[in-house]
Amino acid sequence: MDGIVEQKSVLVHSKIGDAGKRNGLINTRNFMAESRDGLVSVYPAPQYQSHRLVASAAPGSLEGGRSDPVQQLLDPNTLQQSVDSHYRPNIILYSDGVLRSWGDGVATDCCETTFIEDRSPTKDSLEYPDGKFIDLSGDDIKIHTLSYDVEEEEELQELESDYSSDTESEDNFLMMPPRDHLGLSVFSMLCCFWPLGIAAFYLSHETNKAVAKGDFHQASTSSRRALFLAVLSITIGTGIYVGVAVALIAYLSKNNHL
């Protein structure tokens, strides 16, 4: 009866070991590891003496276990306690050179997790595509601003108003009908050189007719001609009057000497 129980125990241990080899998981049920000297505890420290288990195995099973590779079966709960007793929870920071050397030395099938400082750019730095950062001081930062003065706007409005008033006055002057210079023409005809005065009077009437028809171009031409003839008539008439006066004075003075 005892031999049957021992054989069942050996079969259970062998199945668990084979399952651990196949899936690579930690055995949480068996706290024993097979070595060349037999089953020994994986916790030889004094604080884990309570976890030691003594089991007997058949000579055949021990001989079969000697040929198998050595395998350690760990308890995750106890392993966590042992790690916490030696290392406190903390973030370990390493430089890039150390991490690179470690990566070259470890096997390709290993996976390790490391925590490094966050190299996020600050408000005074710029990030380039290659991952480098450049620090900017307050003097290097230039902000292009645009200033606008209210007085300049007022001056601009005044200039625009002046320009608009000038253009309006010019437009009004151009739109004004030309003058006929009728009074000047009559004076030149009666009091001055009458042939030119008569021509100026005729052109003044032509100016009025063109304005009545709405032909401002013809009216302006007639008005300029009437003004020119009237002024010329007055000039010639004034010259005639001055000449006559001088001749009369000379004649009278000659008679007095006689």
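Even glycines carry a Cβ here, placed using N, Cα and C.
For 1-181, the entry in Swiss-Prot reads topological domain 'Cytoplasmic', with the evidence type sequence analysis.
Annotation comment: Swiss-Prot describes S137 as phosphoserine.
What Swiss-Prot records for 182-202 is transmembrane segment.
Cβ atoms under 8 Å from those of the topological domain 'Extracellular' (203-228) belong to residues 177-182, 184-185 of the same chain, restricted to positions at least 6 beyond its ends. Per Swiss-Prot, topological domain 'Extracellular' is recorded for 203-228 (among others), and the stated evidence type is sequence analysis.
For 229-249, the entry in Swiss-Prot reads intramembrane segment, with the evidence type sequence analysis. Listed as Cβ neighbours of the intramembrane segment (229-249) (distance under 8 Å, sequence separation of 6 or more from its ends, same chain) are residues 181, 184-185, 187-189, 191-197, 199-200, 203.
What Swiss-Prot lists as topological domain 'Extracellular' is 250-258 (among others).
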| remark: Checked against DSSP, the composition of the topological domain 'Extracellular' (203-228) is 24 helix, 0 strand, 2 coil
